[in-house]
Amino acid sequence: MAARIGLVKQLHCALLKTKLSALSAGIRRCSALSNSESHKEFTSKRVRRKFIEFFKEGYEHRFVPSSAVRPRGDATLLFVNAGMNQFKPILLGCPDPRSEMASYRRVVNSQKCVRAGGKHNDLEDVGKDVYHHTFFEMLGNWSFGDYFKVEACAMAWSLLTEEYGIPADRLYISYFSGDAVNGLPADEETRQIWLSMGVRPDHVLPFGMKDNFWEMGETGPCGPCTEIHYDHIGNRNAASLVNADSPDVVEIWNLVFMQYNREVNGSLRPLPQCSVDTGMGLERLVTVLQGKRSNYDTDLFTPLLCAIHQCSKAPAYQGRTGEADVGQVDMAYRVVADHIRTLCVCIADGVYPGMTGAELVLRRILRRAVRFSTEVLQAPEGALASLVPTVAHILGEAYPELHIESERIIDLINQNEVQFLSSLKQGRRVIDRTLCNMDKDSTVFPASVAWSLHRNLGFPLDLIDLMLEEKGKMVDKKEMTVLENEYEKLRFQSEEDNGNRVDQLDLHSLAELQSQGVPYTDDSQKYCYSLGSDGQYVFQPCRASVLALYCDGSLVSEVSEGQRCGVILDRTSFYAEQGGQAHDQGFFTKDGLQDVLFPVKSVRLAGGYVVHQVTAAETLRTGDQVQLHLDEASRLGCMVKHTTTHLLNFALRELLGPSVNQRGSHCTASRLRFDFSVKVQGLSDCLSDLIISRMSNTSVCACLKGSLSVSELQQVEELVQHVIRQNAEVHVEEVPLSKAKQITGLRTIDEVYPDPVRVVSVAVPVSDLLNSNTTEQASVELCCGTHLLRTGAIRDFVIVSERQMVNGISRILAVTGDEAKKARETGQALQEELESLAVQVGAASSLSIPAAQMLSKEVGLLMNAVEITPIPQWQRRELQTRLKAMQKTSNTTIRKLEIKEAAFKAKELLVKHSNKRVVVDLIQTESISVLMKTVLQLSKSTPDSMVMLLSHLQLSGKVLCACQVPKGSASGSAIKWAHSVCARLGGNADGSTDVAKGVGNAASLTDITDILHWAEEFAQNKIRKAS
């Protein structure tokens, strides 16, 4: 046995040497091409370019541009936080087989990454040291079922030591040492690869699961990794400092070998296809190549630090940390430099500061940057946005969207800065008020107030701590932890609810289906429908065979009644949810059991297979024949809404210009949602005004488009309705993706499109668009959705809501057909009700106060109805404007009537109580406002008197109380007087030393008489004591 094992090892080593020898020859050829450049200065741009060219030109890797930092179709992430995120469909075995991604074998790129919020969160560490960042670039190369460990290690070593010229003796290698608990052996193969390449044995070090076993998440592809570490000092053995959190020895490249899949039960299973996923932070690599010890000393940051210094009142950046950084000035430099990069990249990719998810995290980043900029660096308002061109200059070559979106980024930062500075003032008032109401001996500030400031006003928690520390107070940390945990629990539950989807095929089941030759689902019949002679849509019937059943995480041949399962058919007419369109509804019937229905709960795509989620109503087996019954009304509703969405997108662009960008959409049978952003035209003029305003301390102009005006809403509706009335033909054609992208006016979004791709055009044939045979403007988009054949079926269109989700992004909700007609009719009814109320409000001056108050209440109820009822949004805006004016008029009328009544009552009381030092009496009114006004009128006529008036509301038993004492009087306080009286009536009061009001309860008039005497005696006693 020992001899056999020895022979196997010898054969493995021989094979390894042969492989390395062949690879080294290729590496030498590649290196010879660039040797003349090896001594040039390594700028960050050149380092990035060199990495991509090395793999692209030397090893036939496909360059794939960075995806946006907003994850594409991945609800588990707030931001893209690793290079592999956009390739997860490949690693999980479920890319669309028709997409370009399905053909990827070797890939290289530089991925924009953000680590702030969620599992990987570096936000609070940024600024404290010289290497943490919220935004960074991940250089990476991938192999999807192509090369593996030998090639990956050899290429990495060649790039670092030969292309970048890093001394080999400064590099240390870590590899996986194995794990007995998981039954994993040491990765001796990787160790041997490094040794055979000439790496010294004392530079190849074993580490366990924590450091050298990479996992995507709690489940999914994973495997051992080998990391390359760099010693900044050199000329020593630094093996003991590897993975020891030493700033002198840092990891620069991680090579992950995807060999296993972590199952739901925690076990590990070998993957059907091994992959390589490598990641190297550009910032750290540039730091090494430029001979620096801090990322912030490289050309990725030094221009920013210089720009910050020029617009602030702080001394120049000196790179200090910890206690040496007096006043946290250098920390502030690092925070602002890091955060402005993150803000620019996120906003350019369509993530705007907001109140939930990634938008909320970005809001916190922006506000943290504003705080350090204005409070620590003493930079003027607007300084943060002035750094945007510098960021675009540094990163724009790799990410041109930063140049394109610079103006939008500047506007959003400026708007949010103004809002935050206003919130700071409001928050300080809340803190001061809370401190005033606290027991003077207490040092613990209520966590509920701190949490409210943090969640609602965006107050950074560390700022709250600093403000309280100045006043000798601190937040109750235990209570704060409870509140944070409750919030996280609710958020997690919400994510779970959102993630409660169809039983998705796991990686092994997908591989098993492919190995068994199970064909991808033919879903072309979802497009098989026509218009009948009666003008009604006719959907072709669909019969199918059950090819596979997926239940409880594995493929099965049979499911029993009551079991929930995923059903894969050879063909389907059901639309799987994608492209912003909801999945189809309907049911199956099985041959021989036509009266037993298998309702389809949801439909999803998984790697070319359409998975129908079904709860079995009877035994279902692979091979069974089924008839698919589509809910035609629901499908037609989705078709109407999807085609209307295209028309809406087109109308917005026609009206507002080409800067309109779709930010998301969703169509169901009942309504459509469309999110978009747009910049106003003439923005350069607006920016000039902005610069002038900074110089003259005038207000900031906002250049981002806000909500649509009434006129714009009407015009958008009319543009869509015009195409509906035309009953225009909807043209659909499958064309090669490269050809489709050449169509003038084509609208695309950040999606992975199949190739060939469906082009959907309204009114103009796709062939004319491809051949440029028309100058007519048309709605044309790449779309996999189901659409109408003619637009007339939409019948009507109404925008029922349009509002700003966050600054710069608007959301439209719209309805069609009967719902649109109903919205118009409801709007007309509310319009008529308003006209009737307007007449009454105009004549309200002749009413009694109760009648005028009732009329005001009716105006308020109509305002609420207009706010929540589905009606045309343009009409809602008009009605709201008029109702606000009516409410103001009504309130003015009531106030005048109250003043008139108060004057009359005060005149009567003046006659009754002339020359009295204390006036206490009972009057009849149901309004605390009238009571207070009467007190003020009476006090004005008798300025030296203490006045208190009560009113008894006999139906409710309540007693209203109002009082005033002479200003600066030594006879007592109005609030104490009112509080004492109301307390005897079981109530309370508030106010000031001069004026107060309150409420209590009295069972009878006798009680009122008693309290009147008591109140007068109370005041008389105060006067006697004062004299």
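Cβ coordinates come from backbone N, Cα and C, glycine included.
What TrEMBL records for 42-826 is domain 'Alanyl-transfer RNA synthetases family profile'. Confidence annotation: the domain 'Alanyl-transfer RNA synthetases family profile' (42-826) carries a mean pLDDT of 90 in the model.
Residues or ranges marked as Zn(2+) binding site by TrEMBL: H642, H646, C783, H787. Of all Cβ atoms in the shown protein chains, 26 besides its own fall within 10 Å of the Cβ of H646 (Zn(2+) binding site).
Long-range C-beta contacts of H642 (Zn(2+) binding site), restricted to its own chain and to partners at least six residues apart, with a cutoff below 8 Å, comprise G580, Q581, C667, L672, C783, G785, T786, H787. In sequence order, Q581, M639, T643, T645, V730, V760, E781, G785, T786 are the same-chain residues whose CB sits within 8 A of the CB centroid of H642, H646, C783, H787, the residues recorded for Zn(2+) being left out. H787 (Zn(2+) binding site) counts 23 other C-beta atoms within 10 Å of its own C-beta, drawing on all protein chains shown.
The number of other CB atoms found within 10 A of the CB of C783 (Zn(2+) binding site), across every protein chain shown, is 24.
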